[in-house]
Amino acid sequence: MSNQLPSQEISRLSDAHPKPAHLRYQYGTAGFRTLGSILDSVLFRVGILAGLRSKKLDGKTIGVMVTASHNPEEDNGVKLVDPRGEMLEASWEAHASTLANASTTHDLIEAIETIIRSARIDISKPARVVYGRDTRPSGPALVAALRDGLTAIGAEIRDAGVVTTPILHYLVRAINTKGTKDAYGDDSEDGYFGKLSGAFKRLVAGKQTPPPLIVDCANGVGTDAVNKILPRLGDSLKLIPHNTATSTPGALNNSCGADYVKTSQKLPPSLANYLKTGQRGCSLDGDADRLMYFYIDERNQFRMLDGDKIAALVAGFIVDLVKTAGLDSEVKVGVVQTAYANGSSTKYLAERLPVRCVPTGVKHLHHAAERFDIGVYFEANGHGTVLFSSGTQELLASYEPTTPAQSTALNHLLNLTQLINQTVGDAISDLLLVETVLAHRLYSGIEWDSLYVDLPNRLVKVVVEDRHAFQTEDAERQLVSPKGLQSKIDDLVRRYDGGRSFVRPSGTEDVVRVYAEAAIKSQADAELAFRVAGLVYDEAEGDPGSRPREFL
């Protein structure tokens, strides 16, 4: 490789992908995400950044995923994946935003040179990048811009094609650990599906086959994943895919998918004639990294089993296995939640194992989960996974059980390390994990749902002039500014049985989100949430059009 930045090649290709003069881009937890039609220049520059990141890490393979997850079809986005399949190191998010916002080709080259100097990148090192995309119509053109950026920086390119976000994360770790003691699996889609389905079949061997599971694929890339894993599961689990129209314009995430189920708290209309009373169903989101379960109860009511319910089910199962294996004094299992977790789930879990609350955002949950020997994290929205520390994995591999019961539990734990995609939340992996626990517990959705009863809750947003005026602490559960607002909220909350409320600014737009829960639905819904929202509105002199409707 040359010791010189290929400035001429970057200039030539950059001119084909000019930055729109009036736009500013921000790399956040989900990477860049906005309308697909205004991302061309961003994708070109992300290609260059991915090459620089790989060079910085001595030629390790970096991942690039082109997706907007649960967003509407006209949106798209892009995010980088670090070598172990984890999110891009936080300090590099600023580099991404800097490159994306360079006004001209000349400014872009200066910004690249600044990053090379400040991050001490040896430009002569090789660069290797693997990329994938979801099913959005804007994907192919954005990938072409990405490839131009990768070509400009001289990267070796691997195209993973149309894949789920979790498969791309899997591939990145599998490529980088190939041939090492930490080998994650064969670095192919086949390797991914073989690893998951093999572990699942070992875990449920001898168990009763459950009734078929309806899977809402959100008309997205999860359709392909479900269809590919189906034949590998054989008789161990029957999946019935719905909402599989990946080529129908406007269908993606439209009145279906995990985000629709969580926010509307109802069944996707397309499933109304298919889901029978008591039958389990689940929804993936547009890139298959979130999962929501549900069922229809005997009163014909829709019942949602969200990320909190998944965490309770999975954590309880793992705690029991660790105990049965005789490892409870050596392996500490913990759960990580955000303030959005339902108060009943926190109470249920805290009676059984340590629970840690962190600020909203996958990176906070993931890092906190890494501090446990086995860390379980699920956001209420259905995104989550389980992390086994390297020390725990070594212990499980070398531990010698002394009874048949210990041996069985140990084997289950070893198979769980293979079933669970530890790089990121993965709807396909999490679906098989949930089905494993239900098979072992002999639970239907009804028994699972009865682990605890959710407190009624409501989420309201208030449009404000400046979200930065709202500052929080204690994992976003307490406001420190505006001064005096928290004590007013506390006074309101005290009036309600089981009352809890918190206020936090959005990370992406000038709105403040208000969460409230109380023992009685009408109080959580119509009273507490809107009264707290009214306090926020009055404090911020918010947009009159956004004043909570109970206060108009």
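The backbone N, Cα and C atoms fix where each Cβ goes, and this holds for glycine too.
Since this is a predicted model, take the numbers as computed values, not measurements.
What TrEMBL says about this protein:
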ACT_SITE  Ser69  active site, phosphoserine intermediate
BINDING   Ser69, Asp285, Asp287, Asp289  Mg(2+) binding site
BINDING   Glu379, Ala380, Asn381, Arg504, Pro505, Ser506, Gly507, Thr508, Arg513  substrate binding site
DOMAIN    61-95  domain 'Alpha-D-phosphohexomutase alpha/beta/alpha'
DOMAIN    102-179  domain 'Alpha-D-phosphohexomutase alpha/beta/alpha'
DOMAIN    188-291  domain 'Phosphoacetylglucosamine mutase AMG1'
DOMAIN    306-441  domain 'Phosphoacetylglucosamine mutase AMG1'
DOMAIN    459-532  domain 'Alpha-D-phosphohexomutase C-terminal'
Contacting positions for the domain 'Alpha-D-phosphohexomutase alpha/beta/alpha' (61-95) when only residues 6+ beyond its ends and CB under 8 Å are counted: 27-37, 39, 42-43, 46-47, 49-54, 115, 119, 127-134, 136-139, 142-143, 146, 158, 165, 168-173, 175-177, 184, 218, 221, 249-254, 257-259, 285-287, 289-290, 362-363, 366, 422-424
Cα proximity to Glu379 (substrate binding site), best match among recorded positions Ser69, Asp285, Asp287, Asp289: Asp289
Candidates Asp285, Asp287, Glu379: member of the binding-site residues with the richest Cβ shell (10 Å): Asp285
Other same-chain residues whose Cβ falls within 8 Å of the Cβ centroid of Ser69, Asp285, Asp287, Asp289, the recorded Mg(2+) site, in sequence order: Thr67, His70, Asp134, Thr164, Thr165, Gly220, Ala258, Leu284, Gly286, Ala288, Arg290, His383, Ala427
Cα-Cα distance linking Ser69 (active site, phosphoserine intermediate) and Arg513 (substrate binding site), given in Å to the nearest integer: 21
Number of other Cβ atoms within 10 Å of the Cβ of Arg513 (substrate binding site) across all protein chains: 20
C-alpha spacing of the residue listed as 'active site, phosphoserine intermediate' relative to Asp289 (Mg(2+) binding site), in angstrom: 8
In the chain carrying the residue listed as 'active site, phosphoserine intermediate', residues 6 or more apart in sequence that have Cβ under 8 angstroms from it: Ala30, Arg33, Gly77, Thr165, Asp285, Gly286, Asp287, Asp289, Arg290
Those binding-site residues listed as Pro505, Gly507, and which of them has the most Cβ atoms within 10 Å of its own Cβ: Pro505
Same chain, 6+ residues apart, C-beta under 8 Å of the C-beta of Asn381 (substrate binding site), given in sequence order: Ala258, Asp259, Lys262, Arg290, Met292, Asp306, Gly307
Secondary structure tally of the domain 'Alpha-D-phosphohexomutase alpha/beta/alpha' (61-95) (DSSP, helix then strand then coil): 6 helix, 14 strand, 15 coil
Cβ neighbours of Asp289 (Mg(2+) binding site) where a neighbour is any other Cβ within 10 Å: 31
Counts by DSSP class (helix H/G/I, strand E/B, coil) across the domain 'Phosphoacetylglucosamine mutase AMG1' (188-291): 38 helix, 15 strand, 51 coil
Averaged pLDDT, computed only over the residues in the domain 'Phosphoacetylglucosamine mutase AMG1' (188-291): 96
Summary of DSSP states over the domain 'Phosphoacetylglucosamine mutase AMG1' (306-441), given as helix, strand and coil counts: 74 helix, 18 strand, 44 coil
